[in-house]
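Note sheet for the following structure.
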Amino acid sequence: MSSHTSAVPPTAAAPTAAAGSPAKSAKPAAPPRHDPKVIKALQRFAVSISVLNVLGYTVLGFEQGWLWPFIAVATGYTTEIVLEWISAKGEGRAPRYAGGGRKGLMEFLLPAHITSLAVNMLTYTNDRWWVMMFGVIVAVGTKHVLRAPVKGRMRHYMNPSNFGIMIILVLFPWASIAPPYHFTEYLTGTTGPGDWILPAVIITLGTMLNAKLTNRMPLIMGWLVGFALQAIIRGWMFDTSIPAALGMMTGTAFVLFTNYMVTDPGTSPSKKSSQIAFGAGVAAVYGLLMAVNITYGIFFATAIVCGIRGLFLWFLHLQAKQQAAAKTAPVRPVEALVAVPSPAPAPAEAPTVPLAAATEDACAAGTCGHEKCAAARVAAPAAAVPPAAVSPAVPAAASAAAEDACAAGSCQHGKCAAMRAEAAKEKKVAVSL
């Protein structure tokens, strides 16, 4: 059964402070109203399920005690109001049931009304009325616990009625789903026209409601086609009865689930492609659960798909948060790299001859002024070349060259060497003075 966040007009803002007095901060207002189509859908859902319960206990043959619907509704109303009061205190805002008068309070309680009657109508807990109450409390409380951010607001993603029924089935194995026959038990027997008249009426009303108000027809198509396909695939793979699997689609409980529970606008996507994927996903998970022999798989499949959708919504929120943080992070300035011309290379210095090498060359050439070298040159044989080696006929040019060598101080004559040594000595004495 569909369950939505209640629609209540926002509370009025605090009055403007008088001139000269400090302004007081107004208490945050309640969330904005829903679309009028959603409010109308809530009203139609509530009226439909209320009429069905009245007919169920007077005409159809509901198995639960006639007082149980009243207990369920009272439990749902109380739980919704208490949890909303706690949430409003924690968030520092006005409760959504306040500020709208009687009409606002009624609109606020519509989801709790639908959820409470659905849990009581679709479960059978024998005479344990407190188990039914527990399921209603869990279903209504789910909206305040299992939530995810959607477009900047926290919205519940788990189908409340379905989750409450699933918890009852898990925690109390002796409990079960209401028997299918109790919807048509008193309509001309189990084989009379009531077996198909009531489902036909529910299909007609539910289709009109979903087509005009909730816009969930793509989801219904995805769910029905997916359910038929999984029945055929299971019959082909595991040799199960395909007609028996498809026969479930003709039951009143299946029709109620299709038109009033899986199509809950508050816990199903709005985009058409996402609706088809959601409905087909529930059918696929149901087929897997049936393949491993898990009973009541239709309720477990819906809870699993709703849970996956909730995780996906949180993933999208965290991803968007990280991207926003990356965009607003301060940008560190980038240091500009300036090309600086390299200094011009220094001119190459002329090669210098080491002092020791220059001194040795002068000594070898006989042009130094060392006394020792001069004495050695004096002591050297007067004729460096044997007389026999000299040609008797010496040209005049050779004599002139020898005289030039004596004048340049590069000859090997002992007399010239002594004169050069004496001159160097006198020069040295003059420098020292």
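Keep in mind that glycine also has a Cβ here, set from the backbone N, Cα and C atoms.
Under the heading compositional bias 'Low complexity', TrEMBL lists 1-28.
Residues or ranges marked as region 'Disordered' by TrEMBL: 1-32.
As annotated by TrEMBL, transmembrane segment applies to 41-60 (among others).
What TrEMBL lists as transmembrane segment is 129-146 (among others). For the transmembrane segment (129-146), same-chain residues at least 6 beyond its ends with a Cβ under 8 Å from one of its own Cβ atoms are 3, 5, 64-65, 68, 71-72, 75-76, 79-80, 83-84, 86-87, 111-112, 115-116, 119-120, 123, 156-158, 160-161, 163-165, 167-168, 172, 175, 310.
Per TrEMBL, the feature transmembrane segment maps to 158-176 (among others).
The feature transmembrane segment is assigned by TrEMBL to 196-213 (among others).
If you look up TrEMBL, you'll see 220-238 (among others) marked as transmembrane segment.
Annotation source TrEMBL lists transmembrane segment at 244-262 (among others).
Residues annotated as transmembrane segment in TrEMBL: 274-292 (among others).
According to TrEMBL, the transmembrane segment annotation covers 298-318 (among others). Sequence-distant neighbours of the transmembrane segment (298-318) (same chain, 6+ residues past either end, Cβ-Cβ under 8 Å): 146, 148-150, 157-159, 162-163, 165-166, 169, 254, 257, 261-262, 267, 269, 278, 281-283, 285-286, 289.
Of the recorded ranges 196-213, 220-238, 244-262, the transmembrane segment (158-176) has the largest number of C-beta contacts under 8 angstroms with 244-262.
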